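Participant: This is the structure I have questions about; it appears just below.
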Amino acid sequence: MARTTICALATPPGRGGVAVIRVSGPAVPAIARALAGRLPEPRRAVLARFCDAGGDTLDEGLMLYFPAPRSFTGEDVLELQGHGGEVVVDRLLRRLHALGAHPARPGEFSERAFLNGRMDLTQAEAIADLIAADSEASAQAALRSLEGAFGDAVRELVARVTRLRVQVEAAIDFSDEEIDFLADEAVAGQIGALIDQLQALRDKAGQGRVLRDGMQVVLAGPPNAGKSSLLNALTEDDSAIVTEVPGTTRDLLREHLHIDGMPLHVIDTAGLRDDPDRIEAEGIRRARAAMAEADRVLLIQDIREPPIDPAALALPGDIPLTRVYNKVDLSDEAPGPRRAGDEVAIAVSALTGVGLPALRDHLKSVMGYGEAGSHFSARRRHLDALARAADHLALARRALVEEMAGEIAAEELRLVQHNLGEITGEFTSEDLLGEIFSSFCIGK
């Protein structure tokens, strides 16, 4: 528990009806008595005069006291609810500083809550995600993380990994039993179930990252396929210049939109073709770089042309792809979704709008629309940690099932635990904590 006491304005600065100032730390009882002449009963709002050192009133408002450990930070917390004027707030903060409370750093209240065991790191990050949410779906996902859905799923997986690791290490200690244990089909079953559980968690976290950050979709295809027209149709705005001249789009054009509350970042790119001029070649290079970072690529082509081989355009093979056949109004084909094997395709007309509702429904579906209530908020660092854990779990499986190498398997399982623990903050560094909490608001 911290030895210093901190304070900060918890509401937005400026003029308003009410300003909330938060104080946390061991000096809270003394500060309350010096400021208002008394320490309120825990969790009861009382009307109080907030006075300066000479006894003159600085403001009048409500005061609440939350004793440790049952407070947001796990420390003694005092909350002052006064009038929302800049001068009033400034005078109160200067009085608190004089009484020994230091100005809080951004996110320091949440950091103390984490360090004092009031929440794990996913819950602390969810506070910032909830504040920054720009859609109902992302707000709901952040709330589920704040309630512990993500952290609980990680801890359940860690518990199962730990049990298997204990079994492996016990077998190593009794070398005459090690081979029999490692050869047991039940061990292969356990590690297989762990791999499946981890993959399911990665899938959910990936959806959660999309809900938090938005899905990045790149419009790709040959020149004059209608990429810019489709961007304008999706955004319902003339964002992109559209002409009949091939190669009109030379640079990336980014637009942000919501489809029924689901955040989407759409990037229009230069047409992909051989023998471009020097400027167009740079546009194509940027298009390929954008595709490599995308969550999904929409491969757009004229429906009257033969289906394009993605490999012929050197599209990234590891990025999910949806085919969009444009200009259906110029053909005898029916608009809407179609499927060839595992491939999803949708016929549309960016000009007339037919087929666009089906495309929007498809984008909503791949973003997890309708399932948002079961998702939690996730960040890129979470996905990276889960990927590292999956790599080590695969190595542990090989050591256990194929190589009968118990000591190697035990070490790989330890690394799985460590990487999962980085998500919840069980294993972390001061640099990581500083990076996370520095992005928070002051007063949070």
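Heads up, the Cβ atoms here are built off N, Cα and C, so glycines get one too.
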Participant: Per Swiss-Prot, which of Glu60, Glu79, Glu403 sits in the (6S)-5-formyl-5,6,7,8-tetrahydrofolate site along with Arg22, Arg118, Lys444?
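Facilitator: Between Glu60, Glu79, Glu403, Swiss-Prot records just one in the (6S)-5-formyl-5,6,7,8-tetrahydrofolate site with Arg22, Arg118, Lys444, namely Glu79.
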Participant: Counting other CB atoms within 10 A of each CB, which of the binding-site residues Arg118, Lys444 comes out lowest?
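Facilitator: Comparing Cβ neighbours within 10 Å for the binding-site residues Arg118, Lys444, Arg118 has the fewest.
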Participant: Tell me the Cβ neighbour count for Lys227 (GTP binding site), meaning other Cβ atoms within 10 Å of its Cβ, over all protein chains shown.
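Facilitator: That number is 33.
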Participant: For the recorded (6S)-5-formyl-5,6,7,8-tetrahydrofolate site formed by Arg22, Glu79, Arg118, Lys444, which further same-chain residues have Cβ atoms within 8 Å of the site's Cβ center?
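Facilitator: These residues sit around the (6S)-5-formyl-5,6,7,8-tetrahydrofolate site: Ala10, Ser24, Ser71, Phe72, Thr73, Val77, Phe109, Ser110, Ala113, Gly443.
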Participant: Under DSSP, is Lys227 (GTP binding site) part of a helix or a strand, or is it coil?
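Facilitator: Going by the DSSP assignment, Lys227 (GTP binding site) falls within a helical segment, counted as helix.
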Participant: By a 10 A CB contact count over all chains shown, which of the binding-site residues listed here is most packed: Asn224, Ser228?
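Facilitator: Highest number of other Cβ atoms within 10 Å: Ser228.
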